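Before any comments, here is the structure.
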Amino acid sequence: MPKVVLNGVTVDFPFQPYPCQQEYMTKVLECLQKKVNGILESPTGTGKTLCLLCTTLAWREHLRDAVSSLKIAERVQGELFASRSLSSWNAADGDSIACYTDIPKIIYASRTHSQLTQVISELRNTSYRPKVCVLGSREQLCIHPEVKKQESNHMQIHLCRKKVASRSCHFYNNVEEKSLEQELATPILDIEDLVKNGSKHKVCPYYLSRNMKQQADIIFMPYNYLLDAKSRKAHNIDLKGTVVIFDEAHNVEKICEESASFDLTPRDVASGLEAINQVLEEQARLAQQGELQLEFSADTPSSGLSMELEDIAKLKMILLRLEGAIDAIQLPGDDRGVTKPGSYIFELFAEAQITFQTKGCILESLDQIIQHLAGRTGVFINTVGLQKLMDIIQIVFSVDPPEGSPGSLVGLGVSHSYKVHIHPETSHRRAAQRSDAWSTTTSRKQGKVLSYWCFSPSHSMRELVCQGVRTLILTSGTLAPLSSFALEMQIPFPVCLENPHIIDRNQLWVGVIPRGPDGVQLSSAYDKRFSEECLSSLGKALGNIARVVPHGLLVFFPSYPVMEKSLEFWRAQDLAKRVEVLKPLFVEPRNKGSFSEVIDAYYQRVASPGSSGATFLAVCRGKASEGLDFSDMNGRGVIVTGLPYPPRMDPRVVLKMQFLDELRGRNRAGGQCLSGQEWYQQQASRAVNQAIGRVIRHRHDYGAIFLCDHRFAYADTKAQLPSWVRPYLKVYDNFGHVIRDVSQFFRVAQKTMPVPVPQAVTSSVSEREAAVKEATLSSPLLSTQKAMSLDVHVPSLRKRPTGVSASSDSESSLCVEYEQQPVSAQPRSVGLLAALEYNEQKAGASEEQALGSSTLSLRYEKRPSIEQRGGRRKVRLVSYPDEPVAGTQENKAKLFMVSVKQALSQASFDTFTQALQHYKGSDDFEALVASLTCLFAEDRKKHTLFKGFYQFVRPHHKQQFEDICFQLTGQGCGNQAGGPSFQEQAQSAADSTCRQLDSGEHLNQGRPHLSGHLPPKGDPSSCPKVGCTVEKPGQAAVSAYLSDVRKALGSTGCSQLMTALKAYKQDDDLGKALAVVAALTTAKSEHFSLLQRFGMFVRPHHKPHFLQTCADLMGLPTTSRGLELPGPREESTTVPSELAHEDSKPGPSVSKKPEKTQSKISSFFRQRPDQSVRSDDTTPEPTKSEWTSFVCPACATEDTVLFQCPFCDFYRCRACWQLQLQASRMCPDCGAVNRKQSIAQVFWPKPQ
């Protein structure tokens, strides 16, 4: 790697750094060597993370080398180097680093763990190999099954502490022994690696990371661990002499204020009172039992809680007084609330006897009660309120007064940074606070919310610096203007840098678009954002821009309501459809659980070959505005639809602006301060700067930025844009010039810039989440699925064509239309395994039409349970409503999975699930058997589970599994009751169908075959006449088939089959359609005929492939009877002549050419049933290509499928047979005993 010498320090860099990167590293070294703070802004894509890591680690190694040289000099030659100070080794003046332990640790903080994972990935690309530690919460790192089950983080904390104190956690007990193992101590591990290695070595990742912290050279953590005093104390973070780096520091201001603020609702107080009441009643009951037992000299019962009843009662009284003090505050008549100075919080808490003197006892008592309740189960065990009260007391009394001084002095100091706001609790707020099913009747009335808001980030930042931090570095791509940022922190930042970008002029286009294509002014102002003219003009502008921007296009809205309202309007005006034709729309969801699916689907769509790209709609300050990779094709254009100002009427925003104005008035004679209005504008500008930073991600990237709001043309707004953007900015008065210049920009860029190397689709989720997602979303479905219309995914927005009914007749008509040859379609041959694989991949998306390719899909999706699990694990099952509930395939499978989970440990069950998912994806039967053998074969009690797995084995593996099961357990599994095997059932069903169509038995009672008496080829009398109102060919047969499908598979199965048919009509892809139909009809042998009868919809060029697939699916030979099924044939020129009409001259007998039997049978089905058999020399009469309806003799139902007794000619419809079998299993005609499985479907019944 190239070595660069900067300020006397040699830095190993992965490549030759650019000038702006050298400048950045020089500033970092200046901060480190002079022990001063710095604010460094460098645009996203300039490699600031890599520069930070290499520079700080090189400086640290330089200090270590200086200490080593000094030690060597002292040992070898006492006076040779003794007179030289460390300043000669480029250490800061006055440094007293004389040993290795004095070398400063580096604390690298970012916003989230996902961002830290990216940083650690960058570290692995360098030549430096420091000792690394990543800090996380128990929620992320704990692997103890019982602790992980706890719903809230604080319950996990207290249960973990209880187990650690009692040494009952074997993962914790292994920490000291295994913390020095090479695999755990040496490599650079991120948080996912910690969990994975901890599970492998049975050691607690949480306490392992805390142990590693002591010896680590660089420590990674989310920056709320540093800014929150409670978190610093909980993780025992020592900041003395450390170098603290805040990456993505544009969020530091907000985190500083939020970590020092709180909102106390009536529900929180009521929850805490309920928990204390429960403990109080429990302790009182134990005390009474203890008094009774003492009379008989028995041992006193103990609950494990070392608190007196009197102390618990005092704690309850404190909460009651606090609740009363808040309720006693008088509020004005409206909902504005009342605001008081920050020092008022001490007066209010003093009324409840919560002071600096009593806080220690109260916190200890609350902690004991929460610890006592930790680990209990039940909906009424809720300690969230108590935990919040603990946090609130720690926030209010975070700064202890000096000894001997009253606490009022602290209150006066705090009041400069805080405001107390009391306002009535609205129903919306109460609903938002409800985090579980537990609720209390105490807070039914409308209460008051006590808010304690910090408005100065300097409060937390100064407290952080007071811990003895050596150097503090704040860096991000969007910190401008730096002067105001430093003013808000109110600590000195001698080193500042506002870096340019590393790109050339031909790589970036920036334009302000004040008006849309129709000349309407574009504005996101409060009074115009929802106007129809503005929304329409913005939609038209988006449609035009989507035409000229290649690949991925990002659109950022000021807020979720604005985005949703815009989408609804565009949908109503067909503006969204115009965009979707060019680039399908993907929408950032509000919830976190669905986001990873949507962003991955967007990446796949953009990267798919032949794709025109995609459009991603997001929100400023949202999940997509930072921390995600939109490099190269993923983000060639960014549209900002407005300035995302904070809500102006929000009480917190109003008070923040007032606070800054007051602060500026007090300091008029002193230093500079931001005004409230300046802060308000900067909040919008920084959000915009963060969004437009998505477009350029590396040196060879290029893209365009569209600022679609007339206010971007204002001088003060342009001045707050990043310095690397301002030189390219141009204001356009004519929208046509925008399209002209952007088109020219991309033509030049695509010719001059190197073609990006295709990369694998990156996932936005962690490895643990990705592992789950891979098992369920591994199909290429998302990359091939087109979001061409919103109504595909949003039923409420669908437009039903006029004149189309929802009856089964319309479905039948649609099915018959599938047989028409498409204008241009290339048949794709899909084998059996490909069809099965496609169906397995599609299983997760069959119920919800799209996982990400829709504009409004995620807005209307309601999948909280899936979001909490982070993914979906689903075994595709088919239900049959005609069977008893307990005997359905779905319920059997669910019961089997429950039994497996109860019988196996968590690790074994995970192995079982992985084996099942691997079998789904790879069809590797040997690997499946190997995994199942290890889990079930060794223990005889689990043999039934091994045999029960038979239901999940695919048809072509069932016989092998049967043999293996017999070898391992001594018993079969698929044929336990002695019934026919799967292949035998398939052969029997096919033979049964053929028997119903036997030419010698049903068609002509053994007389010469009718094929020789069909109308001659080309006879015009046999062709349907144009304009006649006769029923379509095979209409009755299709209706009967759909009726059978609906009865056998239920409405869900019928709907899936109809969807597959519609897709087959459009894309002529039999493989996709057949995958769905096969999954629905092959799970039970009695449904094989539905698969065979599906042949009536198969187009001629697909018939051979369909027959082969049917034979493979049912385990039958290819030439087996019954695979060519009757059905209405298409009357088109593409139909083979032998399938349309036979020659008029006599044909050979069936015995001579049996392979023509089914073709002749199919031809016969075009004739009317009452057509008489004519001699060879008789001219045949014209035939009508239609089916006659069949009538059930019992209920007189027409157009129904009939079933016949296997021992006689007695037949009835399905409903009549069900009634008959419920009453008696004996046939009413011949008296034979029948079973439901033995009754055969009859296509041509004899008259009764």
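Glycine is no exception: its Cβ is also placed from the backbone N, Cα and C atoms.
Heads up, TrEMBL stuff is auto-annotated, nobody curated it.
Residue ranges 114-130, 148-164, 947-963 are listed, and TrEMBL annotates 148-164 among them as motif 'Nuclear localization signal'. [4Fe-4S] cluster binding, as stated in TrEMBL, involves CYS142, CYS160, CYS169; the candidate among CYS133, CYS204 given for that site is CYS204. Residue environment of CYS142 ([4Fe-4S] cluster binding site) contains 26 other Cβ atoms, counted within 10 Å of its Cβ in all protein chains.
Under a cutoff of 8 A between CB atoms, and with a sequence separation of 6+ in the same chain, the neighbours of CYS160 ([4Fe-4S] cluster binding site) are ARG138, CYS142, HIS144, VAL147, CYS169, TYR206. Within the same chain, residues 137-139, 142, 172, 206-207, 370-371, 373-375, 383-384, 387, 435-436 sit at least 6 positions outside the motif 'Nuclear localization signal' (148-164) and bring their C-beta atoms closer than 8 Å to a C-beta of that stretch. Per-residue pLDDT, averaged over the motif 'Nuclear localization signal' (148-164), rounds to 85. Around the Cβ of CYS204 ([4Fe-4S] cluster binding site), the same chain contributes LEU141, CYS142, ILE143, HIS144, CYS169, PHE171, TYR172, ASN174, VAL175, GLY198, each under 8 angstroms and 6 or more positions distant in sequence. Of the chain residues outside the [4Fe-4S] cluster site list CYS142, CYS160, CYS169, CYS204, ARG138, ILE143, HIS144, VAL147, LYS163, VAL164, PHE171, TYR172, TYR206, TYR207 have their Cβ within 8 Å of the site's Cβ mean position.
Cβ neighbours within 10 Å of CYS169 ([4Fe-4S] cluster binding site), excluding its own Cβ and spanning all shown chains: 22.
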